[in-house]
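A.B. asks: Below you'll find the structure I mean.
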Amino acid sequence: MDELTQANTLAIDEDLVDSVNSVKGWGILKSLNPSYPDISLVENVITFGRLKDSTVHYNDKSISGSHCKITRESNDDDGVVIAFIYDNSTNGTFIDNIKVGKGSRCLLASGQEISLTPQKQLEKIAYIFQTVEKEIEDGGPSNKYFIGEMLGQGNFATVKLAVERTTGVKYAVKIVDKKKYFMNSSARKDSLMDEVNILRGLSHPNIIQIIEVFENEKVLSLILELVECGELLNDIVSNLFYTEDKAKTLFRQIVDGVLYLHNKGIAHRDLKPENILLKHKNFNQNDAIKLTDFGLSRTVSDGSFMKTMCGTPQYLAPEILTSSGGHNGYGLEVDCWSMGAILYIMLCGYPPFDDSREVSIFEQIRNAKFEFDPEDWSSVSEEAKDLIKRLLCVDPHKRYTCNNIIQHPWFNPNVKLSTLLEEDERLRKKAEAEVEANNNNTNKSNSPKMLGKRKSEDGNCSDSNNNNNSGSKSLSSIKSNTTMLDCDEKSNNNNNNGHKKSKSDPTSNNSLFNNDNNNNNNNNNNNNNNNNNNNNNNNNNNNNNNNNNNNNNNNNNNNNNNNNNNNSNDTTDSDTDDETISLPVITKNSKSMSNLQNHLNNNKINSDDESETSTNNNNNNNNNNNNNNNNNNNNNNNNKPSTINNNFPVPFPKSPTKNSPNASPPIKPQNSSNNNSGLAGIDKPKCQYDPNCYRKNPQHLRDFYHTVSSNK
């Protein structure tokens, strides 16, 4: 035994030890007044009073004739002693200084004090009631320890004074009733031994020490280090609140004890002033504080979390309140929240969260709604209040740990609060910048893809390997166009000098057929002319020599009958560049079908034109490059069809020329009364690819006649 423990000794009457060991009855009353002897309880009914026929006779006039009686009501087979005391007195019978009341009875427990006289009486007649149960035969604590008065009581456990019979050293014995304990449905089978297993592996001056364990079928008895100065809560209440210096001294000992637990991976989970005991009043000693009541403690391994709703509401961390809702549980941080609430009480005398407010206590905790009333906190330093704020932090990841507490300005004079606050502000701004950057990246990646040209291409639609493109299109020119034909990303012609391939049609012919009355015929020195408007019915064609290398003729569509549409459904578009230029969307022209039929009926193909353009009256169109966009008709069988305005125009087949003698002759559209589209009275042109039409989409089948369409 250490010196401090040895100091807690009691002069034990050897007769008491002998009487308990030699008693033949079921209990004993140990007299607290040397003038009166001990009483062995042998009979099942023992009477006390001034009457001569009383089992225990008294001559004191303060004792009634029939003062009280003690009865034993138990089964000898199970060895459990159940005893009651009945009060028949005028002046009263007292159990632990509480009056039973005339005509009432009280259940007796080992270690209780029975007094037959009021406290104000000079001569006290009192006894300590002690049962001799079967646990002595089973190796219980009563064989080694004298069980004395009650020190505390809980739902399923009582704490009593225990005196070692051979040495007289005083301890505390915590007696747990197993039956009551397991009536709690949430208790695990092995949970009863949690406190035992945890305490056995601990040794710290600020943690209660376990001395010995006794267990039988009915009770679990823990012999613990005795702490005689009571609970921290009672001391705070008696002082109203602590001075900041006293609070700092005691709180540091609490932190040291909790830090020791956390380093071993143990969470107390029920830290509160009631579970913190004072060993002595010399607070400057490092063992003045003792953490106790580890019944709710759990060992937390790395990466694991606890999910049980436990603890006292005023000291519960927010994550405990939400742990039963499917969240990730909680860890050691819950003890730090509880320490914040304890420090708050130490400095002002009342808890930070209270049921008496309009907002529920759980809502207060979830949102950390507490305040520092100037009336009570004006004399408290900003460092102390700042530490409380950091402990009562809703986010457990940002909450201060025990190591952080020790390095806080309230404990560490080398750290200034202003420096700490500046660092907080820097981290806050950094976090905001990171969040803003992440939001920008998210918005950019989630923004809809707009049709347009890559900025990196600087106006060139073709992803060609030729660096001799002379026709670059300015950004303002792109923005001014009301129609846009996307160009293929990859061109197989490395010497196209700006030659562009339209994405919207495998034949590179735009399917926008416009009735333009003032279309200009241009003499282009660059093959970057997409001939988007080559399929126009022109009435007044002027011959202009235009040397602009990137003339797409797209602006001519602004003067047409609003047949333009920039909504291409080409499924072969592989452009993944995020940086696109948004162009205005053109509404669908309701006359697109009639324009299509007019074009099919009026269009003539000039087989002698080596450039194979399909314009109607553009005989003066002098292109100096034979690799015209219409050469892309060879891709008809290799590319998927596109859709514009939900119409599916048939690309014109090649006419036999010198360069392509095997080209098929043009097929004139045929009208058929067989209307597969379901629109009665409207004749449809025959598909030029029938019966080998590769366009299998429903819209095309409805717009063009097929002799074998039923098989498509």
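Using the three backbone atoms N, Cα and C, a Cβ is placed for every residue, glycine included.
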A.B. asks: According to Swiss-Prot, Leu151, Gly152, Gln153, Gly154, Asn155, Phe156, Ala157, Thr158, Val159 bind ATP; which of Lys144, Lys170, Lys174 is also listed for that site?
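C.D. replies: Among Lys144, Lys170, Lys174, only Lys174 appears alongside Leu151, Gly152, Gln153, Gly154, Asn155, Phe156, Ala157, Thr158, Val159 as ATP-binding in Swiss-Prot.
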A.B. asks: Any residues 6+ beyond the ends of the coiled coil (414-442) with a Cβ under 8 Å from its own?
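C.D. replies: That would be 382-383, 386, 407-408.
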A.B. asks: Over the coiled coil (414-442), what does the predicted model average in pLDDT?
C.D. replies: 88
